[in-house]
Amino acid sequence: MELWFTERETDNIKVQWKVNKTLYSKKSPFQQVDIVEFTEFGRALVLDGIIQTTIFDEFIYHEMIAHVPLYIHQKPERVMVVGGGDGGTVREVLKHPTIKQVDLVEIDKEVVESCKKYLPELAGCLADPRVNVYNVDGFKFVEEKEGYYDVIIIDSSDPIGPAIGLFAKPFYQNVYKALKGDGLFTAQTESPLFNSQLIRDVYSGIKEIFPIYYLYTAQVPTYSIGPWTFTLGSKKYKKEDARLYDENMKLRYFNKEIQRSTFDLPQYIKELL
Ligand code: SPM
């Protein structure tokens, strides 16, 4: 019998994926954690019925959330990743030779452990000695830090359940405090077509806290119909300060052309802001 997974996009749109195999399924204290296998998109992490990442196209999202801020910073050494328990973002951060420390703050230990076992292409990097994994609340962790990080990356799930506080102004105020004087951050900020109000709210909150702020997009087929957004706030460095992409990194999505055009936005998104 065929098993179909249905993800709700809006009240009126649902997307269906045929599941080849369920590799892991467990209710953690925070959410339902599943790892399944699809035909075209391969193994995938699913949290509370929402696909977080798939082997097929994870590189697009993880490269864009990590390398855009890391190349704008002039010498990123200490990085925090909030959420991102699958390890994909940390894997990208570690590609920068200046990195000395990466603190991964993922509230749900079950996510980290299941990804280590079933998504080693992403979570294998968590064994790197520069990485510290903290299974605690990202909001509280950030609140306790001051002037410590060069770059903070908020690789959260959607603004429901455990991630809700990570889309609110008080969190971005704490992010500002946790960054060094020339620090910057990026957050995943959802779909411009289906979450326009959230994007507007997040953008205006960040604008009140950080002197420099940008929104950028990438097409991540797994997530949604249309593009996906990321919002970046910076204390000092502007997009023009970005170091040029080093082609020896051999990324699969990010390259010199993508870097040059990262912040070009279609008119409807400009108007949204
Ligand atoms: N490291 C991957 C973490 C993923 N973070 C973003 C997840 C967003 C998933 N929601 C997509 C909703 C659209 N259907």
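In case you wondered, yes, glycine gets a Cβ from its N, Cα and C as well.
Here the structure is a predicted model, which means the values were calculated and not measured.
Residues or ranges marked as active site, proton acceptor by TrEMBL: Asp155. Asp155 (active site, proton acceptor) counts 28 other C-beta atoms within 10 Å of its own C-beta, drawing on all protein chains shown.
Positions annotated as S-methyl-5'-thioadenosine binding site by TrEMBL: Gln31, Glu106, Asp137, Gly138, Pro162. If you take the C-beta of Pro162 (S-methyl-5'-thioadenosine binding site) and look for same-chain residues 6 or more apart in sequence within under 8 angstroms, you find Phe30, Gln31, Ile107, Asp108.
TrEMBL lists His62, Asp86, Asp155, Ser156, Ser157, Asp158 with the feature spermidine binding site. Cβ neighbours of Asp158 (spermidine binding site) (same chain, under 8 Å, six or more residues apart in sequence): Ile50, Glu190. In the three-state DSSP scheme, Asp158 (spermidine binding site) is classed as coil.
For 2-235, the entry in TrEMBL reads domain 'PABS'.
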Which binding-site residues among Gln31, Asp86, Glu106, Gly138, Ser157, Asp158 have CB under 6 Å of ligand 1?
-> Asp86, Ser157, Asp158
Within 10 Å of each Cβ, count the other Cβ atoms and name the one among the binding-site residues Asp86, Glu106 with the highest count.
-> Asp86
Hey, what's the widest CA-to-CA gap across Gln31, Glu106, Asp137, Gly138, Pro162, the S-methyl-5'-thioadenosine contacts in the record, in Å?
-> 16
CA pair Ser156 (spermidine binding site) / Glu106 (S-methyl-5'-thioadenosine binding site), Å rounded to integer, equals 9
